[in-house]
Amino acid sequence: MKKLTITRPDDWHLHLRDGAVLKDTVPATARIFARAIAMPNLVPPVTTTALALSYRERILAARPQGSHFQPLMTLYLTNNTSPEEIRAAKASGHIYACKLYPAGATTNSDSGVTDVANIYPALEAMQEVGLPLLVHGEVTASHIDIFDREAEFIETVLKPLIERMPNLRVVFEHITTAQAAEFVRNAGDNVAATITVQHLMLNRNDMLVGGMRPHHYCLPVLKREIHRKALVEAAISDSGKFFLGTDSAPHTKDNKESACGCAGMYTAPAAIEWYAEIFEEAGALDKLEGFASHYGPDFYGLPRNTDTITLVKEPWQMAVDLPLAEDRIVPFRAGETIQWHAE
Ligand SMILES: NC(=O)N[C@@H](CC(=O)O)C(=O)O
Ligand SMILES: [Zn+2]
Ligand SMILES: [Zn+2]
């Protein structure tokens, strides 16, 4: 039987949500991951240190018994985020980054930033105290085609921003295009990117051929096969600039299977197993540990985990649906076979 032991991984982009669902979402990730960047797009959003600290307590309370899982908290930037709030966040010792959602770009982004110029004072404070900026990198102008929104964001927002603040640490989250991979590769050491399971495994045909598949809808939306290939190249490149961020984004079955379905895929239940499948298929299983367990903490200036997990090539079946508090959720690749099993 094929086996692979790697340093315990972390998830650098995760949606746990809040309230009753935490008892399902927290164990799904804590099963394998030591730490996860907890995204702040709640309703209302996590805009202050006080809100982040109380959210952290609710996540900790939902851990399975004996779990050492650590949520790494983030602040949701708004047009009104002050430099004082940034300094307080850093001083709290529990906030590891701030998230830029362009207003209207994705799930719960209505309070997001309408123009990055509005947050220059906050970004300057982040640059100064060393808090990374996490970016949902898509423009939202209605005349820009949805498949072009990420590439457009690089040219019109990200490049000028990084030129203006060359020491700001930036994570370009859930990249989906060859342009984004190339931009990050050529940028300075202060710029990195996370890559999801779904953008490494699927292209837009998987969402639209043979019927419209709401469970394959997320943002940024799946792209062409050439982009998927470029992302796999980036993930296995060992450059230290690309690391694991699942963007596991739970929505109930009803909210996905709808005339206006929510964006997001729930990959937490077998994330590391799917990444292993991707790396194996690319002939690069030896590169999985760097991507999943080393480059993330290195970029954030945190210690790597000291214990390990073992992946065994032992096929199993993903459930067709799972509990999400009082509702049901359809996980990624529901009912399908998973090649690896991690423990
Ligand atoms: N990725 C998604 O499609 N959805 C995420 C938000 C996000 O990360 O953009 C969510 O919170 O549901
Ligand atoms: Zn996003
Ligand atoms: Zn996300």
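The backbone N, Cα and C atoms fix where each Cβ goes, and this holds for glycine too.
What TrEMBL lists as active site is ASP247. Taking the Cβ of ASP247 (active site) as centre and 10 Å as the limit, one finds 27 other Cβ atoms among all the protein chains shown. In three-state terms derived from DSSP, ASP247 (active site) belongs to neither a helical nor a strand segment and is classed as coil.
Its Cβ taken as reference, HIS13 (Zn(2+) 1 binding site) is surrounded by 26 other Cβ atoms within 10 Å in the chains shown. According to TrEMBL, the feature Zn(2+) 1 binding site maps to HIS13, HIS15, LYS99, ASP247.
Sequence-distant neighbours of HIS251 (substrate binding site) (same chain, 6+ apart, CB under 8 A from its CB) are THR107, GLY261, CYS262, ALA263, GLY264, TYR266, ILE329. Taken from TrEMBL, the feature substrate binding site applies to HIS15, LEU16, ARG17, ASN41, HIS136, LEU219, HIS251, ALA263.
Residues annotated as Zn(2+) 2 binding site in TrEMBL: LYS99, HIS136, HIS174. For HIS174 (Zn(2+) 2 binding site), the same-chain residues 6+ apart in sequence whose C-beta sits under 8 angstroms from its C-beta are HIS13, HIS136, THR194, ILE195, THR196, HIS199, PRO220, GLY245, ASP247.
If you look up TrEMBL, you'll see 11-322 marked as domain 'Amidohydrolase-related'.
The DSSP secondary structure for LYS99 (Zn(2+) 1 binding site) is strand. Here the Cβ of LYS99 (Zn(2+) 1 binding site) has 25 other Cβ atoms within 10 Å, regardless of which shown protein chain they belong to. Taken from TrEMBL, the feature N6-carboxylysine applies to LYS99.
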Open item on the list: Other than LYS99, HIS136, HIS174 themselves, what residues in this chain have Cβ atoms within 8 Å of the centroid of the Zn(2+) 2 site's Cβ atoms?
Closed with: HIS13, MET39, LEU100, TYR101, THR106, LEU134, VAL135, GLY137, GLU173, ASP247
TODO: Mind computing the max CA-CA distance among HIS15, LEU16, ARG17, ASN41, HIS136, LEU219, HIS251, ALA263, which the record assigns to substrate binding, rounded to whole Å?
DONE: 19
- [ ] From the binding-site residues listed here (ARG17, ASN41, ALA263), select those whose CB sits under 6 A from an atom of ligand 3.
- [x] none
Task: Number of Cβ atoms other than its own within 10 Å, given for ALA263 (substrate binding site) - done: 16
